[in-house]
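One structure follows; several queries about it will come next.
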């Protein structure tokens, strides 16, 4: 209805359901194209207006008619004027104060602002006082398809394993459309592939890109550039579109076996090559990448003695052949090895494409070099008695020239190892002889170095160590182990042990030492006071034969002891024990001892000299 009030049951739908276009202005002619009303009108106390929407992106030359406001208080006599305020008033929206017609004076963009909230009021023209309370209404901007879909995350980069089955997911592309998704199909997009067929496809609704061919090979082509289009209006004619690029890289899988550059290799190796030295390199290539191209090498045949070892250089993936044992041209001039290369990691999915290995032949030619003489043994052990005469043969060493020339050799002693020149060697035969008398007690082991040089080339010198042990003969008599200082207490009992003695001998008999002890009679009665007991363990005990000794009567007793070894031949020596008579405390500790007799002191004689006077032998025998 254009006049009168409308029922209140339309109030809930005025802002949600677009209805028929509003009529043009009541005055001033028909409405301009593009304006639409929201209706039916509702009653607002005693005046009526319409709620409206307007089409975005209007490009006409004149202001766009939006709608009309009208109050029941307006009798058409010009007494009522209309006032508009709120968003966009009056910069965008203007109102004719006489008729209530609303126009948009500027081009609107829904994506910039979708609706405007305005306030309207009818006033008395003369007094400017409201004839109706101020009311609020909304002008909504209606969407048109003026935005193309955009790929905000593009361009894309993705990867998919090579040899993947058809239909393998690669990546999902997403396009957004700024148009109103709730109105029409302006924001409904579908995807299509413009470039990248027949290798890939895209799902129209989801943008999911999949492989369209099975078993694509990275080694043939590793990268593809796809162009994906998104078009709105559900892809219909007139829809807007946008594109993005997708770079798809095929990632590597282990689908290629290694193979040697060459099937045979040949190297020349000098027989003097040191152990662990590099003697050959082999190279296998694998079209795969990274760990899929890692290889291991092994020797399958041709090296039963383990002369060589092959390992993988982790940086270059080369096979490094190293020497493990000494080469000898004269023993074996060449080696022919069968070498295998295999992938370290084999993908079980591609085992059927195998075998993932290859073989090659490596021929090693041993180069003959002039080698120094070689001794039959690097270490020779000999033994000689210390009692032999000068010039006695000790032993013989032997060395040969390993080369085919078989040059004669000359022997000599490295004098830095035989400074005292105990030995001499025959330069032609290698026989070692004593050059001076030996003494085991001075040097028991001689460590000398013998050299052998080629007669044809003296610079070629070989060496050997000779250990000469000097064996023992019994040429040293035993003697007291220490300088004993025995004493006897004046209150000693008969049979009391006053000293235990032992002996030492510089000789080293094979069966060990066995010493015998006996007491000689000095002729002064000493043996009447003391006796000697052999303990059968290379020691002897000195015991008293009576009780009570007087220091003032005889302060010193001389006991000659004969010490013999077991030979052969048996040797002996005499040692003298000077036993002093001492005053002792109750525990046997000495407090005061007698000195040697005044006769001895006056004569300046020692106990040994006295025994000599008494015709008791003291020298070794």
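Any Cβ shown, glycine's included, is placed from N, Cα and C.
Note that TrEMBL annotation is computational and uncurated.
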Check each of the ranges 18-37, 38-57 against TrEMBL and return the one annotated as region 'Disordered'.
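That would be 18-37, the stretch labelled region 'Disordered' in TrEMBL.
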In the domain 'Cadherin' (152-260), how many residues does DSSP call helix, how many strand, and how many coil?
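For the domain 'Cadherin' (152-260), the helix, strand and coil counts are 3 helix, 46 strand, 60 coil.
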Within the domain 'Cadherin' (376-480), count helix residues (DSSP H, G, I), strand residues (E, B) and coil residues, in that order.
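DSSP composition of the domain 'Cadherin' (376-480): 3 helix, 48 strand, 54 coil.
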DSSP helix, strand and coil counts for the domain 'Cadherin' (71-151)?
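Within the domain 'Cadherin' (71-151) the tally stands at 0 helix, 35 strand, 46 coil.
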Tally of helix, strand and coil residues over the domain 'Cadherin' (261-375) according to DSSP?
10 helix, 56 strand, 49 coil
